[in-house]
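Novice: Checked TrEMBL, it gives:
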- 70-158: domain 'PPIase FKBP-type' (DOMAIN)
- 182-270: domain 'PPIase FKBP-type' (DOMAIN)
- 294-382: domain 'PPIase FKBP-type' (DOMAIN)
- 406-493: domain 'PPIase FKBP-type' (DOMAIN)
- 511-539: domain 'EF-hand' (DOMAIN)
- 549-584: domain 'EF-hand' (DOMAIN)
- 21-42: transmembrane segment (TRANSMEM)
Amino acid sequence: LQKRKRKKKKTTSQLKIFHVYTSELLLQEIILSLLLATWFSVDCNPGPIDDIAVDRYFIPKRCIREVKSGDFVRYHYNGTFTDGKLFDSSYDRGSAFFGQVGQKWQIAGVDKGILGMCVNERRRITVPPHLAYGSQGAGDKVPPDTTLVFDLVLLDIFNRADQVQTKVISTPKKCKRSVMRTDFVRFHFNGTLLDGTVFDSSYKRSQTQDSVVGEGWLIKGLDEGLLGMCVGEIRHFIIPPFLAFGEKGYGTEIPPHASLVYHILLEDLHNPKDDIIVEVMEAPEPCTRTSVAGDYIRYHYNASFLNGITFDSSYQYNHTYNTYIGMGYVIAGIDKGLQGVCTGERRRIILPPHLAYGQQGAGKDIPGSAVLVFDIHVIDFHGVKDTVQVDITHKSEACNETSEVNDFIQYHYNCSLLDGTLLFTSRDYETPQDVVLGGGKIIDGLDEALRNMCVGERRTVIVPPHLGHGEKGAGIVPGSAVLRFELELVSLQKGVPEGYLFIWLKESPVQLFEELDINQDQQVSLEEFSQFIKQQVSEGKGRLKPAQDPDSVIMDMFKNQDRNADGLITQDELKLKVDEDAEKTHHEEL
């Protein structure tokens, strides 16, 4: 304006316009200054807000439930002023806040701001003074009329009306039995808090949790949740604190007022009053005899737990398990379960632990208190007093003579185990098997079974091991194996008694020396002797020892009579074996 006054004198109309213009500029500058002052005042010193402000800055993908009025909650928090200065923290105290929503356990603003919150959700709640500590503040921590900011994470939520929440994850197709009160169970589990923090796991210990159900051994929620479970079933439980460890918690892992989450796999189930369970899977027909206490049995087995996991098998050893039954040589359940079986039978025996390996288990493979399942295939069994069993399957119509001790026979045979495994057969050879009965060349049971047979007769024979190859077996014949023979008698040559080389079938000549001395020179040569014996055999008057070369037998007979070994037999040297045996008996009597 001063500069303008120094200017040249203006006209009256110009001055009026100038003054109007100048007044408008001043007015605009004043209004602008007031607006700026108002803006800066709001930014630097905000006025009171009417309600809380909630910032849900982390929301979990899965929300199992939301906080409602009346729920109990556990959460961690940091409490700050609007400038970020910390005035309180549950983290510093090492203990989460616990309270009931809507019951004035916390300031009104947080009580309101926590509604609808999910476990693991994080919220920043700004609370005005009138919904916090108001005009009085809170001691020396919170000044009067202070806006507060709470940054919190929800750890747990439950309600007094809650029950155990059960979700069946998987269940076996067959469930013959489920958990009842007083049952003993073995289960694996993973245990977490509601926010996912792991507090325990049986898998990490490599050992199941073992307990009786319904007798107070477990927390109430587990006692309830395990009822009705099948072996192999998987369940997911959420247990409220008052059915878990309550207001005390447990140790350092489970805080007070904690809901617990269990993921459970039921491994085993039995009751202390259980007996063995026998399921006959395959019963052969006919069954002529069942096993009794004292029998010796051979069987194959697969042994597993109730969950189907195999812990042992005789098949992997390629050898049966052999034992006496009913005499305490095996665990009590097997001792009992193997009685009353048939040869060839397949049965399943389920053994409760008190009839198996009990609370101690066995080695590293069988845990304590384990129910065991044995799938048994009975190969054979026998008693120590068993005899040869003979079943005649075909008999010749014409049968004039039968086999007996010292007879020479030829026969065909198939030899197998009682499960049908073929061991030997004479059909593999060009000629039938031959033997002199009673000569000790074959096993006693077979020797006995081949007696009193007619040519053409067929038999099926069962030979117990003590009349067969015994406990040690022989070659491919297992130890203590019961054998089955299918026999057919092909030919029969009657034999001579033990110690004889020749017998008379009719009366011997009265003047035997004269008959032998063909050239009547008072001595018998080998040629004369051989000619005479062969003639007796051909005429059916005598019989040489079978299964040997006739000339060799005759030579032995001649040497027995040629007592001075000069190659000739005199009348004084010639004696019948019958007479010799009688003389020996007479001398023994004297």
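Each Cβ is built from the backbone N, Cα and C atoms, and glycine gets one as well.
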Novice: Using a Cβ-Cβ cut-off of under 8 Å, list the residues of the same chain that are 6+ residues beyond the ends of the domain 'EF-hand' (511-539) and lie near it.
Specialist: 502, 504, 550-551, 554-555, 557-558, 561, 567-571, 574, 576
Novice: Quick test of the contact rule: Cβ under 8 Å, at least six residues beyond the ends. What residues does that give for the domain 'EF-hand' (549-584)?
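Specialist: Beyond its ends, the domain 'EF-hand' (549-584) has Cβ neighbours at 499-502, 508, 512-513, 516, 522-526, 529-530, 533-534, 537.
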Novice: Can you tell me how the residues of the domain 'PPIase FKBP-type' (182-270) break down into helix, strand and coil by DSSP?
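Specialist: Its residues fall into 13 helix, 38 strand, 38 coil.
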Novice: Which numbers of helix, strand and coil residues does DSSP report for the domain 'PPIase FKBP-type' (70-158)?
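Specialist: For that range the per-state counts are 13 helix, 37 strand, 39 coil.
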Novice: Helix, strand, coil: count each for the residues of the domain 'PPIase FKBP-type' (294-382), based on DSSP.
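Specialist: Going by DSSP assignments, the domain 'PPIase FKBP-type' (294-382) contains 12 helix, 37 strand, 40 coil.
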